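A.B. asks: To start, I am sharing the structure in question, which I have written as structure tokens.
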Amino acid sequence: MGKDNGELKEYQPLLKDFKEPVPSKSLLLAVCAAGIGGTFQYGYNISIINAPTKAVQNFINQTWTERYNTEISTQVLTLLWSTIVSIFTLGGLVGASVGGTLAIRFGRKGTLLFNNTFALLAALFMGLSYPSSTFELLIIGRFLTGVNAGIGICVQPLYIGEIAPRALRGAMAMGTSIFITGGILTGQVIGLNELLGKEEYWPILLSTICIPAVMQLLILPWFPESPRYLLIDRGDDVACNKALMWFHGPDKYHGEKEDMERERVSAIGIKPKKPWELFTDTSLRWQLLTLFVIHTSQQLNGINAIYFYADYVFTQAGIPADKIPYATVGTGACECITALTCGLLIESLGRRALIIGGYSLMSVCCVCFTIALTFQFVISIFKYLNIMICVFAFILSFGLGPGGVTNILTTELFTQTDRPAAYMIGGSINWIAFFFIGMIFPFIVNGLKQYCFLVFLVICCLVATYIFFVVPETKNKTFLEIQSEFYSKKKLIAANGTEGPLLSTPM
């Protein structure tokens, strides 16, 4: 009996690790400091441009008339407005293309701080466009906001994923999605007429992007650099230890340091890779294919169609045009709450269950949406209520699945030397798909009408099937363990000559 008691005492330190992990206050504050000037700006700039549409078009028309003594044609006005809106996507692609390189050169924290320069310049240009009667400044400003968003959505997940402990990596990485949806909701609220949505306030509204940038410049410098970056990329063991103790406390950082040391040893002599070097590395084939699938489908899964039909449904339901922005705020709040819920569930349910479940529920919603829209004028029960339920159900499903888990998987599927390049590739794919769906979406809706959701149904089903057979569960595993699972799949295929599901190894 004494021997048994001795063994229990021996394993007591290990038993502590199985207690429910709780993030430290320092860690939570670091996530907030990174998010406010990172992915928050992405969500905020997507939604804030909707409120001043008519006001900016009137400004362009007035400026054109003063310059050329003639009113602008409808075609030219539409072209200029479309350029102002869509050049944000081009800027995002540029930002995503350079974000990984900047993160390697200046560090994760340093890049996030430098990135605020683009937001401040954009606010300056867009704020000066009205007093200077120069609508071209709006185009420059929107491009710079895109660069800012592209870098932020690339580097912020890197920083959060690398400072979070293994047991909380998923929950902490959900900060990316929480701040995106929080930015969307904030932009919708600020754009209401009671705040800055009135026509005369549009220059101030577009310039408010400087506020998150200034907040991050004041707050983030007080937090350490990513300890994983300090140890593996910079080789600074002392700074790494200080950062780990700051984030996790002096008694809890040793386990994280051991994981980093193992990854550092495996990366000795290997420099951070460029994006094109990942494509030539056959050991990363499955990771890259997964990266392409999850980022492309995040834009092509029908969420943009849902937002399009949301306005249609609210209009047809008899909501006055001046009240629709308030209903739209409801969709933003719905997505924000869902992101918070996903953050609470991800460490208990795992990544696979959430993303497969999300795409499966979205598939069901696509079927219901098609039926409801088809019979809305035949059967009164389908008139509006069921369609509105489908709108909110789809948004909830997206937030619980692909909206929350995609960026986390990008962090976890790659090791330190591959991760910045992977984020550059994933971000570029995301922005290209964003631009692509923006270009072809009107044609899809006009051509297929309600049956466009059958296209999204096929996409959601295919992605859910791919993840089920290929992507392992990454919850509570080190980056090296996840890499070894993909390597095991490659050896299995080489030995059998056939495809097979990628089974998760025991934890």
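For all residues, glycine too, the Cβ spot is worked out from N, Cα and C.
Please treat TrEMBL annotations as automatic predictions, because they have not gone through curation.
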A.B. asks: With TrEMBL as the source, which of 171-190, 291-310 is set down as transmembrane segment?
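C.D. replies: It is 171-190 that TrEMBL annotates as transmembrane segment.
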A.B. asks: In the same chain, which residue numbers or ranges, 6 or more beyond the ends of the transmembrane segment (137-159), come under 8 angstroms Cβ to Cβ?
C.D. replies: 34-35, 37-39, 41-42, 45, 49, 56, 80, 83-85, 87-100, 102-103, 108-109, 111-112, 115-116, 118-119, 121-126, 128-129, 173, 175-176, 179-180, 206, 209, 213, 226, 407-408, 410-411, 419-420, 423-424, 427, 430-431
A.B. asks: Residues of the same chain, at least six outside the transmembrane segment (385-409), with any C-beta under 8 angstroms of its C-beta?
C.D. replies: 153, 157, 161, 169-170, 173-174, 176-177, 181, 290, 294-295, 297-298, 301-303, 306, 309-310, 313, 317, 331, 334-335, 337-339, 341-343, 345-346, 351, 354-359, 361-362, 365-366, 368-369, 372-373, 376, 463, 471, 474
A.B. asks: State, in range form, which of 26-44, 171-190, 353-379, 421-445 has the highest count of Cβ pairs under 8 Å to the transmembrane segment (111-131).
C.D. replies: 26-44
A.B. asks: Six or more residues beyond either end and a Cβ under 8 Å away: which residues meet both conditions relative to the transmembrane segment (79-104)?
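C.D. replies: Same-chain residues near the transmembrane segment (79-104) but 6 or more away: 42, 45-46, 49, 53, 56-57, 60, 72, 111, 114-115, 118, 135, 138-139, 142-155, 158, 229, 233, 272, 275, 420-424, 427-428, 430-432, 434-435, 438.
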A.B. asks: For the domain 'Major facilitator superfamily (MFS) profile' (31-475), would you mind checking the mean pLDDT of the predicted model?
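C.D. replies: Its mean pLDDT is 86.
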A.B. asks: Can you see whether the transmembrane segment (171-190) and the transmembrane segment (26-44) are touching - at least 3 CB pairs under 8 angstroms, only pairs 6 or more apart in sequence?
C.D. replies: yes
